[in-house]
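S.K.: Look at TrEMBL and you will find 10-126 tagged as domain 'Response regulatory'. What TrEMBL records for 59 is 4-aspartylphosphate. According to TrEMBL, the domain 'PAS' annotation covers 152-193. Here TrEMBL flags 226-277 as domain 'PAC'. Residues annotated as domain 'GGDEF' in TrEMBL: 316-450.
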């Protein structure tokens, strides 16, 4: 079974309503995930403490012990603190979402559950969980390697002539004069004789002539280099990294040459590079919505709090645009959940095309989006929102799939500091302005009319 296949992931579904559990289980069962179920918060906590789970799908509204309390208890226990929790909830108000993230939830899915959204968010969280486990393993391996290297360094100093280490002599121009079998193997050759038969060695074995020039200049000044890292090229063209102890010596004719001992540490460099890429991927996935590629709500709340503090200190405005797709259910009912998700992806692209830094879009949940406009007062925000609305109206979605879908959306705007000076207040006012548009006929832009 390949690593990361659905069968290897175990998911706990927690809901006090059996029918809700069955709906979610049916969606996940088709993907082959292994599942367990709990109908109360207390049962869920006990199951998690005695069984390994990769992900918990947790209902918020439950009697006796609600989802917030379950999440809090799991985060307090070191044995369960790292298990990702994804809330299943019909509560989409800002206060509930903020509280959920504060108690340790990583994401949420709104009820009624949509197949495509649930599968996408479950897959993302499982991949993140697996990435965290890999990072931990890589860190452990790197730490073990570092510890072993420290033990070995003393031995290396007394084993200069040992064949395990690569040894070579070269001209200052990089042409190898002599080498031992170990260094030939590092270069990817079977014998020193094969290496010495290579023409133009300097360009063949060195990835960057500038690196060699820097090394030689340092040798001329310092006389000796220890633990100097150099990137070289193997016989097959692949890169390798060696750690050099090198010095400039002279032969009987007083001609200077380099003699060096080389220890390969390619595996460590590749592991470090993999760790760097994994960290970058983790950082991206932690702040971006898996469906649309826009920022997610976790990023939004943190970034807005920082923006409130900065804008307040500098006395500069900014605005929020809250956007909701009009009658999106019709698109889903007509074309299906998959095409609905593809429509949201394309619409997110339309939003991004209208924005330049430092402005950005956020996938707020379902068919709702938020646009953050640093430096925009309310009048400027109205113009930008109208531009986005017009672009969406004029765009034909799903055209690459043989359809011609036209979307309308309602927009609400709140401005800092004119309407509110706190994150929750701004979001609530922008949300209310959007709902006012819905009540008055949809497909329009309205600014909040509140004054502090």
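For all residues, glycine too, the Cβ spot is worked out from N, Cα and C.
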S.K.: Measuring CB to CB from the residue listed as '4-aspartylphosphate', give everything in the same chain under 8 Å that is also at least six residues away in sequence.
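M.R.: Spatial neighbours, sequence-distant, of the residue listed as '4-aspartylphosphate': 14, 15, 16, 17, 20, 67, 87, 88, 89.
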S.K.: So, by DSSP, how many helix, strand and coil residues make up the domain 'PAC' (226-277)?
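M.R.: The counts are 12 helix, 29 strand, 11 coil.
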S.K.: Roughly where does the domain 'GGDEF' (316-450) sit in mean pLDDT, to the nearest integer?
M.R.: 94
S.K.: According to DSSP, folded down to helix, strand and coil, what is the residue listed as '4-aspartylphosphate'?
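M.R.: Note: the residue listed as '4-aspartylphosphate' is in a strand by DSSP.
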S.K.: Write out how many residues of the domain 'Response regulatory' (10-126) are helix, how many strand and how many coil, based on DSSP.
M.R.: 54 helix, 24 strand, 39 coil
